[in-house]
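K.L.:
Right, I'll just put the structure down here and ask away after.
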């Protein structure tokens, strides 16, 4: 390596690539009859990085997991919902297989299959979408349908969803086009009424209309810094036909719509089959029978439903399932709090009756798995506040009375003989 000075021959040295002299650059690296400056080295590194980015998607496509592998991975993080996991595994596999084969197979154009998840709050809709994105190593973003409005009205534009996806992958368009978008609370943008109104429904049917093209597939022009505040910026062209859209919602009341259809179809009169009240299907059984006509009656427009051909229904979680969620998944809530306490050098034990009490409390609140953390947090708050200031605590035990708020966690101290001798 030569420094910014003349070599032994007294000649001024120049970069063999850009022609700059040794005085115009910070470093000049010498080889056999050739020189390269630090600026050209940086440029070469940039070119290599760009090529690696272009090759990376091909590596991802060649390692596409099978539906069985996708289902197995979901089982590690999501308890229950077996049918929904199977539907998702097949839909996701087919979507990325379509991308790998360039949207066509033997001259047949492969259609896009977006997904609609229906099920009560806390049943695992968001977790399923997040887990899929992690498994496939693709960009993932979430949007709340209740914040969206038609373009030109106060609120979040539909195109901002793609903006968020681009932000997740540092504005790499190719990477964003392989991403997953989860739109939550999709049931909240149902049409407010079957009758046309003088006032425009900008947050209901209007948003459904705005989402149509985005979900079906269009080339969206998205400014790199968001919004329409900087019209002079160069827009990024994103093909949304390659993005997988998953829409989810609780659809409260949809079971009644389905029940009306099912019961009406049973007929009336002398030849009708009379059903006892005990024969009525549960909410979960009814939701599993959902048809497009039910969603239309609920308030989604036919064109929007047509863009979501794959429908998966998640059931309300039972007490047993909630207990499993508390202790079985890889990132189970009890394991997370035990890891936190271990950082203080303390063991944390949840007794079985405590886990059942947590599950019953979540069911009473109708928050599903989403409400489990707040219940555990409330039970452990005082202990987590005091523990860092306490000495010789070896173990904390949580039983049913702690969850019910009737007593404090049991603290087990170590070194009793040392404490006795100190007294």
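Keep in mind that glycine also has a Cβ here, set from the backbone N, Cα and C atoms.
As the structure is a computational prediction, the values presented were derived from the model and not from experiment.
Annotated Zn(2+) binding site per Swiss-Prot: 15, 18, 37, 40, in sequence order. What Swiss-Prot records for 120, 121, 122, 123, 124, 125, 126, 127 is ATP binding site. The annotation domain 'ClpX-type ZB' is assigned in Swiss-Prot to 2-56.
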K.L.:
Just to verify a number: CA distance, residue 120 (ATP binding site) to residue 40 (Zn(2+) binding site), in angstrom, no decimals.
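P.N.:
The separation of the Cα atoms works out to 58 Å.
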K.L.:
Give the residue from the binding-site residues 123, 126 that has the most other Cβ atoms within 10 Å of its Cβ, counting over every protein chain displayed.
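P.N.:
Answer returned by the neighbour count: 123.
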K.L.:
Nearest to residue 37 (Zn(2+) binding site) in three-dimensional space, by Cα, is which of the binding-site residues 122, 123, 125, 127?
P.N.:
127
K.L.:
I'd like the Cβ neighbour count for residue 18 (Zn(2+) binding site), meaning other Cβ atoms within 10 Å of its Cβ, all protein chains included.
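P.N.:
Other Cβ atoms found within 10 Å: 13.
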K.L.:
Compare the C-alpha of residue 40 (Zn(2+) binding site) with the C-alpha of each of the binding-site residues 122, 123, 124, 125, 126, and give the closest one.
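P.N.:
With Cα distances computed to residue 40 (Zn(2+) binding site), the winner among 122, 123, 124, 125, 126 is 126.
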K.L.:
Pop the Cα-Cα gap between residue 15 (Zn(2+) binding site) and residue 121 (ATP binding site) into the table, whole Å please.
P.N.:
64
K.L.:
List the other residues in this chain whose Cβ sits within 8 Å of the Cβ centroid of the Zn(2+) site residues 15, 18, 37, 40, in sequence order.
P.N.:
16, 17, 19, 20, 25, 28, 35, 36, 38, 39, 41
K.L.:
Is it possible to get the count of other C-beta atoms within 10 angstroms of the C-beta of residue 125 (ATP binding site)?
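P.N.:
Taking all protein chains shown, residue 125 (ATP binding site) has 25 Cβ neighbours within 10 Å.
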K.L.:
Neighbours of the ATP site 120, 121, 122, 123, 124, 125, 126, 127: Cβ within 8 Å of the Cβ centroid, same chain, sequence order.
P.N.:
119, 248, 314, 368, 369, 370
K.L.:
Any idea what DSSP makes of residue 40 (Zn(2+) binding site), helix, strand or coil?
P.N.:
helix
K.L.:
Which residue, of the binding-site residues 120, 122, 124, has its CB surrounded by the fewest other CB atoms within 10 A?
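P.N.:
Across 120, 122, 124, these binding-site residues, the one with fewest Cβ atoms within 10 Å is 120.
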K.L.:
Which Cβ among the binding-site residues (15, 37, 40) has the fewest C-beta neighbours inside 10 Å?
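P.N.:
Output over binding-site residues 15, 37, 40: least Cβ neighbours within 10 Å is 40.
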